[in-house]
Amino acid sequence: MKMLDLYGYTSIAQSFDKICISIASPESIRAMSYGEIKDISTTNYRTFKVEKGGLFCPKIFGPVNDDECLCGKYRKKRYRGVICEKCGVEVTSSKVRRERMGHIELVSPVAHVWFLKSLPSRIGALLDMPLKLIESILYSGDFVVIDPIATPLSKGEVISESAYNQAKDNYGEDSFIALTGAEAIRELLVRLDLHAINANLRSELESTTSEMKRKKIVKRLRIVENFINSGNKPEWMILTVIPILPPDLRPLVSLENGRPAVSDLNHHYRTIINRNNRLGKLLKLNPPAIMIRNEKRMLQEAVDALFDSTRRSYVSNKAGSVGYKKSLSDMLKGKQGRFRQNLLGKRVDYSGRSVIVVGPNLKLHQCGLPKKMALELFKPFICSKLKMYGIVPTVKLANKMIQNEKPEVWDILDEVIHEHPILLNRAPTLHRLGIQAFDPVLIEGKAIQLHPLVCSAFNADFDGDQMAVHIPLSLEAQLEARILMMSTNNILSPSNGKPIIVPSKDIILGIYYLTLQDYVEPEEILFFGDFSHVEYALHNKDIHICSKIKYKMNYCTDSSDGSGPTYYSKIVETTPGRLMLWQIFPEHKNLTFDLVNQVLTVKEITAIVDLVYRSCGQSETVEFSDKLMSLGFRYASQSGISFGRMDMIIPDTKTMHVDNASEKIKEFAVQYQDGLITKSERYNKVIDEWSKCTDLIAKDMMKAISVYDEESKLNSIYMMAHSGARGSASQMKQLAGMRGLMAKPSGEIIETPIISNFREGLNVFEYFNSTHGARKGLADTALKTANSGYLTRRLVDVAQDCIVVEYDCKTHNGFAMRSVIDGGTVVETLDNIILGRVAAVDIYNPITEELLVNAGELIDEAKVEKIRIAGLDAVKVRSPLTCEAKKGICALCYGRDLAIGDVVSIGEAVGVIAAQSVGEPGTQLTMRTFHVGGTAMRGVETSNLIAMLDAKVKLVNSNVVEDKYGNKIVMSRSCDVVLLDSVGNEKMRHSVPYGARLYVNDGQLVKITEKIADWDPYTMPIITEKTGIIKYMDLIDGVSINEVLDESTGISNRVVVDWKLHLQGANLRPRLVLVNDNGDIITLSSGLEANYFIPIGAVLSVQDGQKVHAGDVITRIPRESIKTRDITGGLPRVIELFEARRPKEHAIVSDIDGYVEFGKDYYRSKRRIFIKPVDDKLSPVEYLVPKGKHTIVNEGDFVHKGDLLMDGDPDPHDILRVLGVEALANYMIAEIQQVYRLQGVRIDNKHIEVILRQMLQKVEIFEPGDTMYLIGENVDVEEVLKTNSNMEKIGKSPAKYIPILQGITRASLDTNSFVSAASFQETTKVLTEAAFSGKEDSLYGLKENVIVGRLIPAGTGFLMNKIKKLSLLNKDDYSMYYNSEYQDLASIEAGHACSVSPSQGVSDTSGAVDY
């Protein structure tokens, strides 16, 4: 401990290792108490002194004033410890009034409401009685038989009062024992033999076959075992003594008008004392039983109200109603409760807040701090300096001097703030970049000045935003602020590793303007050899910034023979503006003039900043960014780019496009009238046509607007949008093209578009149509912000204890990563996915067999390039999901820390970073919904497949038939078209839907833009495989099929309806059968009969008895109308995935490989599908599909394990059960990333993997072996592995288990730390569970340590924790400990400690760590 004393580390918070919780026994309550309270008096109404013996009694709770007894006989510190003989008060510090407890001795026992009513009722479970019965005993005066003695009554039988009286008359007064109220329950609990119950339940569990009964037994068994293991006694759940909180925690505060404001708890205690005293007096008087019962019930209700008012049975006095008094439970739970209000979030002193304004003259590490604020915030520092320099003798005079703002004060303030970083924070703090450190620069005025480049990290703008300032006081805090939190040390975003300190808005515009080049060729191109000559020519206006010039550029390369650098020069054609920009670039071989010699938009500028950071390091990047900013601002103002009405050029072709679209829509209406297409098909075609028309107009507008004009040069609005400074193509489309289609709040698209644009102005009808989107945007913003904030909170809670605990867990497991292909195009390359990960196995070039990356080596940019050249399409890398580290993860499985670009440091809280990275964009995006103003963002449905490159076609699972026109029709439901390059590597894969027309053969070579296949995107067809005659089976008019007349067209369609609603429809199986000329059913190539089952809502395309050809469509299933998908649709999807909810219309997944067979229907509602395995020895697996749901497999189809059998999203739990963890991870990552990708947000996969790891912490036992686990029990993975290894050591059989997926809320509540779970949600439930189980909290996570007031075990605190643990061990234990769990201390000491890497300007980190 001496070692810790150096750091002042032996405070109460540090002096314990874990927290235990259990039920308090009456003895322990009395032991904690300093005296019994029998009186309800509080203070004397005249003297306002506290009354002796009352709820604030100084004799019991301690003196009201420091070192002063109540009567005033003893006053002063010297009498400390003396007990006044007159008033009986101990002379001590008044602080004890926050610690000393009292108690009430109850005349009659009462049940503790938490154990009674918190479901499942613990008292009910132990006694095996329903809650209703127990309540009737406690509140309604029913009796329970304790001991039947010689009567036919049974033990535990509940009888009413009249039955009790009757039994007494029949059997005699003493022939049996029956009691009522809490005494009865207590007596039953005392008589319980838990060990016997445990043995009985276990034997019952083995013999039972009913699943429901098994679940019930398991529930009860768990509660019984928890009681046995924890050492709690069941009768402690019935209270005979009630503790009273120390008085300073329930104070009496006098208001301005002199009336006292009483804490609600005092009201509860008074009621209890009153009723208890009254009951005591009553019992002495021997009154009628009904009076006693009533008084006992009132006492029970008073105690219930004290512990938890919300669980009371009667409705009045519920939370929120007038006169509601807060109970102890209310003080713990919710946002205003003790945990979240006072323990996890506290108000901070030495802080201030003010409006922010832009500070374009600041350096990146600086912020402008108003002098007035600085003076107040740094007051103690100034006082001490004034005293130290002898300017003032006392602190009081120093304060006066500061108040008068004497000149000396300002000089000292300058000295005090020199190199003293301050923290700036902008709410909402959605990720760690919401708080950053800066060096303050004193400024006049009252607003804080902020550097423009950090705005994107803070998500700040200057329209009235406010920011808070905090001062790190201690030297350690200042050191951490400078090294870890300084804005210059946070250049990269922790969520995707791309720079976040990048120019935006005006800066981009200035740089874009600077790199533009005149389109008009000058009469003669001037030639320059030196930049000073260019500046001279610019000054004399001989040339313009954008003029074309020739310049002699000097280059330097490394010579091939290694003799040193070679210099050469080259003439380049460029502009003065680009040369100006080139001057600020740092020198490095990776930074060539070609980077600048082009028109730079936001994309290129971001890439340049990234390249500068990767090539030249941090300090160069910071300098470069600052120079880039000032250059950008300067030329944005010089360029004179403005926003003019005439810049919005409406294309001449607009009317033509609109007319064409209108004509087509009339055509669709005619087709619909003639019954060629259905209503939904017409709607979908109309929507598509208008989308196409809007896109064409937008394209023409962009063409017109981007034309270089002799007079006005380039169009200003085009420059703003094209550079990426402000606005987007979709906003410009609305300004000068046409507004397009609008969405209703429900998400449906209104089929009449807004043809006008904002320049022309909208008519009344169009304006009214626009209001939908605008209002939806505002309502969404309010609702979704709350939703997204709650998602972030749950994510942080589930991942908070995921910390990097060691360097390498030595695992060889990992996942194969592939590039992400969506709709045939590569949306995420393999390079991006594997960058910054660690290889799980050696990676070789498949052709040359050269070793590219060793197993366990970080894949950096250079290695990614090697892998890309080698043409690998999959790489196995380590993942947080497969990490084998205990109580956290290892650095190598995590890979690169995206914020510093190097392997993650030990002690990094990667869980919280992951949660912030996933949660932060959710909030951002929801806030961004209304910017487009509700116009429908939706592409045209893809209906064909075009080759994107010259390639060779490979068809996978292609079962095709030829129709009467000679077209090849795809009959397989899992047909893929793969395009291979000349080497045979897969370049593109696209699934082709059932019913598509295929234009290529297997092995055929295709040219770029050649059509491969097409299909109808609006309907799902059912197609015949052979030629024959159609016969209706079970398609009965009015029962399973209806003629639906379309009123607008007068045409009727035959639609299949829900036949289950009819009595005679019970056993129908509506289908179309294909027969030959003799009427025999045709056999298909699979060997099965040609039966085509028809789902509800399908439209029949053939008549009974009609002849059909192979490849004909016999039924069409219309797809539902298309809805727009933005993050408002996307955020609930992300929540659904993280909560691991079963999708509403979830698909059924095949558990095995095999052939599909349709069985006999199950009652009215379900269809039976069998999957017959390939191996005949195995029995088929049965699935029940709701009738009328469209199955996407046909009889005889071969399905693989994990294939879907019907429409819908698969259930993640099914994927885990059938295909395992890797398939689940791939599915979840793909689905979550798809939502974010739609919004253009990049999140690294590893963040999602970290959250998934936390969701997969539990396993389900299906065979307990010789362990004490129960079947179906959910246990922690680490705990099972530990138990199993112990079992194997003693030669017993271990438990068998399967991994289970928990939603983030469930996982947070099931965590090993009850302190963390209680502070998250369902506080009373968690604490009840923890108390009767006698849980221990070892304080491993971050939250638990914040709550008990310690340094968190992450970052710098991680090392302090290790030192603390090592300092508590003796020499022998130390070496064992060091060798086993802490072999990584050496690697920590070598510089892996607190996220500091040498590139961050700290030359030697070992000195910072080697204590």
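Even glycines carry a Cβ here, placed using N, Cα and C.
Of the residues Cys802, Cys883, Swiss-Prot puts just one in the Zn(2+) 2 site with Cys809, Cys890, Cys893: Cys883. Cβ contacts within 10 Å of Asp461 (Mg(2+) binding site), excluding its own Cβ and spanning all protein chains shown: 11. In the three-state DSSP classification, Cys893 (Zn(2+) 2 binding site) falls within a helix. Closest to Cys71 (Zn(2+) 1 binding site) by Cα-Cα distance, out of the binding-site residues Asp465, Cys883, Cys893, is Asp465.
Note on proximity: among Asp461, Asp463, Asp465, the binding-site residues of the record, the Cα nearest Cys69 (Zn(2+) 1 binding site) is that of Asp465. Cα-Cα distance from Cys809 (Zn(2+) 2 binding site) to Asp461 (Mg(2+) binding site): 44 Å (rounded to the nearest whole number). When the binding-site residues Asp461, Asp463, Asp465, Cys890, Cys893 are ranked by how far their Cα is from the Cα of Cys87 (Zn(2+) 1 binding site), Asp465 comes first. Here the binding-site residues are Asp463, Asp465, and the one ringed by the most other CB atoms within 10 angstroms is Asp465. Other C-beta atoms found within 10 angstroms of the C-beta of Cys87 (Zn(2+) 1 binding site) number 16, with every protein chain shown included. A Cβ within 8 Å of the Cβ centre of Asp461, Asp463, Asp465, the residues given for Mg(2+), is found for these other residues of the same chain: Ile356, Ala460, Phe462, Gly464. A distance of 39 Å separates the Cα atom of Cys890 (Zn(2+) 2 binding site) from that of Asp461 (Mg(2+) binding site). In sequence order, Glu806, Asp808, Thr811, Arg878, Pro880, Thr882, Glu884, Ala885, Ile889, Ala891, Leu892, Tyr894 are the residues of the same chain, not among Cys809, Cys883, Cys890, Cys893, whose CB sits within 8 A of the CB centroid for the Zn(2+) 2 site. The Zn(2+) 1 site, placed at the center of the C-beta atoms of Cys69, Cys71, Cys84, Cys87, has further neighbours from the same chain whose C-beta lies within 8 angstroms: Leu70, Gly72, Lys73, Tyr74, Lys86, Gly88, Val89.
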